[in-house]
Structures are given as structure tokens and as C-alpha cells.
Amino acid sequence: MKVLTAHQMKEIDRLTSERFLISPEILMERAGLSVVLALQSELKDLSKKSFLVLCGHGNNGGDGLVVARILHQYTDEVVTVVVGDKTKMSSETLANFKRLKAIGGIIKFLNEDLSLDELVQMVKNYDVVIDALLGIGIKGSVQGILAQVIDVVNLYARYVVSVDLPSGLDTDTGKVLGKAIKADLTVTFGLPKLCHILFPGRELTGILKVADIGIPKILLNADEIKRNIVTKDLVLSSLPKRIKDSHKGSYGKVLVIAGSKNYPGAAVLTSIAAYRVGSGYVQLVTCKPADEIALVREPSLIVRGFEQEFFTPSCLPTVFEVAKNSKVVVLGPGLTQSDQTREFVLQLLKELDLPMIIDADGLNNIAENLDVLFQRKGPTLLTPHFGEFARLVKLPIEAVKYNYSLVEEFSKKYGVITLLKGATTIISNGESTYFNLMGNTSLAKAGSGDVLAGMIGGLAAQGLDLLSAAFCGAYLHGLAAEMYNLKEGTMLTSELLDLIPKAMEEVCKVG
Ligand SMILES: NC(=O)C1=CN([C@@H]2O[C@H](COP(=O)(O)OP(=O)(O)OC[C@H]3O[C@@H](n4cnc5c(N)ncnc54)[C@H](OP(=O)(O)O)[C@@H]3O)[C@@H](O)[C@H]2O)[C@@H](O)CC1
Ligand SMILES: [K+]
């Protein structure tokens, strides 16, 4: 499913009207109706509820005025409060103001007909607050009376439904512009916006419903919209097919270069994960004692263990030898950082032309030598978490968190694919970007990234390009965590490995 910026949505709005002759007024009517239908499906009998509809003077407020009018069909317990200036309403919003008045709807203007204290009482007393204060037209920080109203709603409302997006969110980043509504339910139109999937906006959105308001499909499916949410259907259509008449070589050989005396477990987790997603042959090159641990844990691994404590350039000839019959390389988990390991990693990146997934200390070891990426001869995927990405781009962590534009620019500049791990994971090759929403806090645990890197390697070995392997891996990894049926956070990373088959089965289930 595609996901939009405010600018893209406005452009779609313009084309809907100009090219397809569907006026903003029609869209506004359908937007309002879709909110009421969503309310009905969540709350069932609307006649038994009371509604307080808060409207700004922009078109988001116009949608709210439609919502109020339609709610009057179900109950008389509807009051609309405008927090704004009637003279600033667009023609469509004003028309809906008049329609609501015409059916006898009660409309009050805050600070004229109603004080803030009176509004506090109403917010406390009504069952549902509809937030139609600000939508995609928000500019700058929310201050003054509007900020006070948002505080009141967040403090006292029992159930909040946001129209299009929680008021106060930056549509394109999901950041709070001063103050933002915390919604239980958000109904958006046509397609999700970035604020619904990026934190903190994702949290403030509550349940998200995407309503069809009659925007022509050709506009919503346009190839120029390059940002997507990873869905089950996308993963299913991208996964490798299993053929009856096949052998281990049919499913690709993965070479995992990982582990050190300090971190032997990382190498084991990565290697087994590659098998779990269906790869036919996994070779692990590592340092002692990971080789022995790996074989005890999974005897089907093909293991080469160096006597030394960490990788050095002296390991290169062996690695190149093993790489000869590999299809993809996963480099990095548990390597540790040292001058010699850095030299080993840089040489490998320059000389090995296989597709490569670089994770963890693989990334930390190139942070001061990013230009090495220009010398790569094969496709490259980097899988940093926020801290690692911050190190790569030399910015504070706060500046890189959920910063999809930065991920896109970085990927384009260095000719790589980047997967930025987070509660929403961002994957981009600089042209197309994918957002994975699957997963939960069980993944916030040592070793979870090692498993992801192995899964991506295993999928790439089976023929997926690195971008598809990355978004499929991220989705399956998240889904596996969601399938753990005991208390969230108590899962061991080794148990995550054992949930991968369940996640793969779930994706392949019809319906
Ligand atoms: N696009 C579509 O396809 C469809 C769009 N639809 C709906 O239209 C919505 C977009 O409407 P929009 O463009 O009128 O902007 P909107 O979000 O109401 O806010 C702008 C108003 O808020 C004000 N304002 C801004 N920033 C502020 C701040 N920081 N603090 C305080 N005030 C601030 C600003 O006032 P100003 O400062 O300019 O006086 C301006 O009047 C969209 O979200 C959806 O709900 C549907 O009808 C169906 C089809
Ligand atoms: K809103």
C-alpha cells in the first residue's frame, strides 16, 4: 500500500477535481460520511452516544461539519464547536457550515459563544470527541487557544476520533508541532500519510482506517508515488517459490562472516536464521569459539573457525576461497571493532563482488571510511539501527530517527540499499522506499538484528534482489515476534528463530 506526503495528497486532490471533475465538495461530503461509517463500525449504535465535534476553519474543519450533520441523523446529542474564524472558511467549508445550521445543528464559536472552561465540561461529558481541528494544511507550531483545546481533549476526552490525522502532527514526519491530539481512532482518506506510520505520530493515530472517498484509483496507484507500506500481499508475491524437483543448491548458498571471541552468539543466530527462511546451504566463517557453538546448536551449518579472537586481513584468503561458491554474503554481526578487523572489512568490501548485507560491527568498522562503498562491485545492503546510522552520517540520534528522507538521500549518494531499524523500519534504495510496521517490543533485545540480517541473507540467496529480501525479511522478522504468544518482551532471540517458520506459514495462508 502506498503512503503519501501532504504535498502528494494535495496534488491528488487537485487532479481529482481538474482532470476527473470530482469537486472538493463531493470529496468533503464523502470524507465526512466515511468518518461516520467508521464510527459506526467501531461503536455500533450511534443513537446511544453523544458527540462533541471540534472544527478548525480549514477544510479539515469542513469535514467535521459534514460529520456533525450526518451524526444528527442518528442522535440529537451532537454539538459542534468551531475553534477558528468563520471569515477564513473556504467555500466548501462555509457551505457545510450553512448546511449544518439549516438542519438545526448547534454550532458554537469558542471564545464567542463558549469559554474554555465550558468546553472543558463538555469534553468531560460527551462520549465521543471528533477532532477536525487541523489536517494536512497545518503550518508551523500549534499555539494559543488551539494548543489549549488540544490539551483539554488529551486530558479529559473519553474517546477521540481524528479526522484525517491527529491535529498537530506534521503530515510528512509524524512529529508533534508543539501540541498534538492523542486519538483512539483516525480515519484518513484515499491512502495513509507518513504521519500515521512514523513515531510519535503512529502512536497518536490510534487505530487507523483508510476510507475510500472516490479518488480515482489511477491517481492513488500512480507509479510516481514511490513510498509503500510493506503488506502481507507484497511479501507473499515476492517470496521465492519452492519447486518439487529441487536440491539444496536450488535455494542458494549464504556465506555468513560473523562472530568473535567476545560475541560468538551473533554468528550462530545469523546463520540459523538464513536456514530458517529456506536457504539450502549456509556457510559460517567465524572465530573460535563460535564454530563449535554453532555446530552444537545446528549441525547442518558448514563452519570454518579461525583460531584467533577476531577477524584480521590474514583471514582474507580463506574467506575468498569459501565465497567462491556463495551467492550472497552477510557480514558483520559480532565482529567487534579493531584496526585489524577494520582492515579486513574494508578489503572484503573492495574485492568481493557478491551481493552483501552489512550489519552491526560491519557498519561500525566502515563508519570512518564510507567512501569504500563507492568501490563496491556488487549490490550492497546496510542494516543499521539508529545509533549505527547516526555514526555513519555523523548526526545525533534524534536527527536520524525515522528520517526517511535521510535514508533515501544516503542510499542514493552511496548507491546502496539502507534498512534503518526501528519500531517502523525504513528501507530504501534511494528511488523506492518501504516501511515495515510489523513487530513489537520483543524485538528490542540483543541478537534480534543478527537474526534479521541472516533472514535477509537467506532470502537473497534464494534469488530475491536485496531490496525485496530486505522488506520481506523485515516483515517476517516482525511477524515472527508478533506470533510469540507469551508476555511481550519475554521472548528469547533463539525463540524468535523458531517462530520464523510460523511467520512464513502465516504469510502464505490464503485470506
Ligand atoms: N486533500 C484532499 O483530497 C481532501 C482534503 N480534505 C480535508 O481537507 C484537509 C486539508 O484542508 P486545508 O488544506 O484547508 O487545511 P487544514 O488541515 O484544515 O488546516 C489549515 C487551516 O488551519 C490553520 N492552521 C494551519 N496551521 C496552523 C497552526 N499551526 N496553528 C493554528 N492554525 C493553523 C490555517 O489557518 P490560517 O493560519 O491560514 O488562518 C488553515 O485555515 C484535509 O486534512 C482533509 O481533512 C477532505 O475534505 C477530502 C479531500
Ligand atoms: K484532525
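Each Cβ is built from the backbone N, Cα and C atoms, and glycine gets one as well.
Record features (TrEMBL):
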type    : residues                                     : note
DOMAIN  : 9-221                                        : domain 'YjeF N-terminal'
BINDING : 59-63, 135-141, D164, A266, G334, H385, D450 : (6S)-NADPHX binding site
BINDING : N60, D131, S167                              : K(+) binding site
DOMAIN  : 231-507                                      : domain 'YjeF C-terminal'
BINDING : K421, G422, A423, T424, T425, G449           : AMP binding site
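This view paints the features noted in TrEMBL onto the structure.
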residue : record                   : DSSP class
N59     : (6S)-NADPHX binding site : helix
D131    : K(+) binding site        : strand
I136    : (6S)-NADPHX binding site : coil
H385    : (6S)-NADPHX binding site : coil
G422    : AMP binding site         : coil
G449    : AMP binding site         : helix
Please report the Cα separation of I136 ((6S)-NADPHX binding site) and K421 (AMP binding site) in Å, rounded to an integer.
27
How many Å separate the Cα atoms of D131 (K(+) binding site) and G62 ((6S)-NADPHX binding site)?
11
May I ask which residues of the same chain, at least 6 positions away in sequence, place their Cβ under 8 angstroms from the Cβ of N59 ((6S)-NADPHX binding site)?
P24, M28, S90, E92, T93, G135, G137
Give me the long-range Cβ neighbours of A423 (AMP binding site): same chain, 6+ apart, Cβ under 8 Å, in sequence order.
F199, R202, G439
Cβ-Cβ distance under 8 Å to D164 ((6S)-NADPHX binding site), same chain, at least six residues away:
A31, N60, D63, G135, I136, T186, V187, T188, F189, K193
Just to be sure I understand the contacts, which binding-site residues have a Cβ under 6 angstroms from any atom of ligand 1? Candidates are S167, H385, K421, A423, T425, G449.
none
The domain 'YjeF N-terminal' (9-221): mean pLDDT?
98
Could you check which of these binding-site residues, G62, K139, S167, H385, sit within 10 Å of G449 (AMP binding site), going Cα to Cα?
H385
For a Cβ distance below 6 Å to any atom of ligand 2, name the binding-site residues from G62, S167, H385 that qualify, or say none.
S167
